[in-house]
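Below: the structure, in structure tokens.
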Amino acid sequence: MPAIDPSHIPANLRPVMEAMCATGAQLSRVIARGPLAGKLGAGVGENSDGDQQKALDVMADEMFEAALKGTGVKYYASEEQESVLTLDGDGTYALATDPLDGSSNIDVNVTIGTIFSVFAATGDAESSFLRPASEQICAGYIAYGPQTLLAVTFGAGTQLYVLDPDSGAFVLAEEKMALPVAAKEFSINSSNRRHWTGPVLAYVEENEAGKDGAKGKDMNFRWVGSLVAETHRILTRGGTFLYPSDGRPKYENGRLRMVYEVAPMAFLVEQAGGKATDGVRPILSLTAGELHERRPFVFGSAEEVDRIADLHG
Ligand code: AHG
Ligand code: MN
Ligand code: MN
Ligand code: MN
């Protein structure tokens, strides 16, 4: 039994998607067992970006790397690996992944995820990923929450699949996700308020003023701490997300990594009718300069993302 219904997947990407989904389903069983599966949230080291690595970060990375062998993936890049690995010399794809997103939520039974992005493997190992984000041929995330689900795009809309725990397969639930144009919610880590730039502060203050201010409507606030969970909520019912540059050391480009967090989410959001920028410029027009580089990230409902760009103008 295949791990995903292949009917909407381009034929040449089916082996890659089958490996991602089989591994996602396996990982969801580990995550569901929580402490019964071991100390998944225990610190085990540090990655090249300076993040503490949890046991589950490393386990997920090893599982995806092993599963993608023989699927046509030539180059494999991961948050948890300093440099690009060559999996299959004859492969034609370059796949980048955040194998486990939201690792601060591992121990608290809150949604975590896996993010991935696929390019054609045209350059050498690293340069295959340092291309305009618009050249992605596939992007997706798996969310491990009350449901395990997959949102994926191959450039013809964003599809939603849900893992059926009885059959162990991802089943198509929505052929074309549509991100609402208007928003009622916004998401930003407010503990960084004192480090924000003027336009970001202005946007948040406008939201906080609600219907008593220039915005003329109330906005609610949400922050999960897992990009996958925020993206799924926003894709489903609209809203905005900001992880902007701020004044803390090392945060001049925000917190999120371009190749395996920002670019794939931007592709998914735009394919669902939303917008994704670095505050001003569309993410899909940008090219990463380095594998682990960070980018300021703003995405969500088109009206709000446009408003944020105006405030920068
Ligand atoms: P990761 O666990 O893959 O390192 O990603 C964490 C990211 C993202 O999921 C989330 O949006 C953000 O970091 C949370 O940032 P704060 O620590 O500022 O809440
Ligand atoms: Mn991390
Ligand atoms: Mn992440
Ligand atoms: Mn991660």
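Just so it is clear, glycine is given a Cβ too, placed from its N, Cα and C backbone atoms.
Caution: TrEMBL annotation is automatic and unverified by curators.
Features reported for this protein in TrEMBL:
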DOMAIN    11-174  domain 'Fructose-1-6-bisphosphatase class I N-terminal'
BINDING   E79, D98, L100  Mg(2+) 1 binding site
BINDING   D98, D101, E261  Mg(2+) 2 binding site
BINDING   D101, G102, S103, S104, N189  substrate binding site
DOMAIN    181-311  domain 'Fructose-1-6-bisphosphatase class 1 C-terminal'
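Structure coloured by features recorded in TrEMBL.
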{"residue": "E79", "record": "Mg(2+) 1 binding site", "Cβ within 10 Å": "26"}
{"residue": "D98", "record": "Mg(2+) 1 binding site", "Cβ within 10 Å": "28"}
{"residue": "L100", "record": "Mg(2+) 1 binding site", "Cβ within 10 Å": "32"}
{"residue": "D101", "record": "Mg(2+) 2 binding site", "Cβ within 10 Å": "28"}
{"residue": "G102", "record": "substrate binding site", "Cβ within 10 Å": "21"}
{"residue": "S103", "record": "substrate binding site", "Cβ within 10 Å": "24"}
{"residue": "S104", "record": "substrate binding site", "Cβ within 10 Å": "14"}
{"residue": "N189", "record": "substrate binding site", "Cβ within 10 Å": "13"}
{"residue": "E261", "record": "Mg(2+) 2 binding site", "Cβ within 10 Å": "27"}
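Of the chain residues outside the Mg(2+) 2 site list D98, D101, E261, E79, T97, G102, G113, T114, I115, Y141, L227, V228, L256, R257, Y260 have their Cβ within 8 Å of the site's Cβ mean position.
E261 (Mg(2+) 2 binding site) has D98 as its nearest neighbour among the binding-site residues E79, D98, S103, S104, N189, going by CA to CA distance. Among the binding-site residues L100, D101, N189, the residues whose Cβ sits under 6 Å from any atom of ligand 4 are L100, D101. Each residue contributes its Cα atom, and for G102 (substrate binding site) and E79 (Mg(2+) 1 binding site) those atoms are 12 Å apart. By the rule that a residue counts when its Cβ sits under 6 Å from some atom of ligand 3, the binding-site residues L100, S103, N189 yield nothing.
Listed in sequence order, the binding-site residues among D98, D101, G102, S103, N189, E261 whose CB lies under 6 angstroms from an atom of ligand 1 come out as D98, D101, G102, S103, N189. For the domain 'Fructose-1-6-bisphosphatase class 1 C-terminal' (181-311), residue counts in helix, strand and coil come to 59 helix, 20 strand, 52 coil, using DSSP.
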